[in-house]
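Q: Okay, these came from TrEMBL:
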DOMAIN    39-187  domain 'HhH-GPD'
BINDING   CYS189, CYS196, CYS199, CYS205  [4Fe-4S] cluster binding site
Amino acid sequence: MRIEERYAHILDWFRQHMPSAESELRYDNPYQLLVAVILSAQCTDKRVNMTTPALFDRFPTPQHMAEADPEEIYPYIKSISYPNNKAKNLSGMARMLVSEFGGQVPSDIDRLQRLPGVGRKTANVVAIVAFHQSAMPVDTHVFRVSDRLGLTTGAKTPLQTEMQLTARIPAEDLPAAHHWLILHGRYVCTARKPHCEACGLKPWCRYFARSEAKSSRPQRQSQ
Ligand code: SF4
């Protein structure tokens, strides 16, 4: 199958079957989204959503959080993975937001990446979700599902996956495509054992085609 056909069929399938895919993190404004995405590294969205209501009550704005030391933030996020580092990053991020960006979350990916705790993936997520920009954040689900489907070939790093996907997915589809791939990876094309039997993408999936070819090869008889 030509790569163009694979992309066209897969994107069409997602458009039909997941028309309203969006982030599962709960937030009301770009500041809350940024905090939630920083907390979600190596942690489930469900766990983050259990934690953020009390955190946002106590620190409703970047100014409130900027006044806090990491030790004051820690108790609110201690049930999340890496709470010490994340408390430091939240405090540093809020201080920079206030001192350099007038208390506003920047929409520009390069400026976002200057904030403590914000790498390329986090900056891309904030850019597409809060500011509706065209970008492709690559997390572990996007990386794995893109490779299995055959949307990427030989990508060794998240950046290589991002480059291959953004070269072929129309810019207007990128924000939705990010959520399509994440949700598909979280619930169907799971890491240890993909649920191919329940997956509507089988006809265009490279991994599935290879598995089928392997299982239909005649077994060598033992002499
Ligand atoms: S067919 Fe299987 S491997 Fe391919 S996308 Fe679906 S669940 Fe993943």
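Each position is counted from 1, following the chain as shown.
Yeah, the Cβs are placed from backbone N, Cα and C, and that goes for glycine too.
Tell me about the surroundings of these features in the structure.
A: Reduced to three states, the DSSP call for CYS189 ([4Fe-4S] cluster binding site) is coil. Here the Cβ of CYS189 ([4Fe-4S] cluster binding site) has 23 other Cβ atoms within 10 Å, regardless of which shown protein chain they belong to.
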Q: Where does CYS199 ([4Fe-4S] cluster binding site) sit in DSSP terms: helix, strand, or coil?
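A: Its secondary structure by DSSP: coil.
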Q: Among all protein chains shown, how many Cβ atoms are found within 10 Å of the Cβ of CYS196 ([4Fe-4S] cluster binding site), not counting that one?
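A: Around the Cβ of CYS196 ([4Fe-4S] cluster binding site), 16 other Cβ atoms lie within 10 Å.
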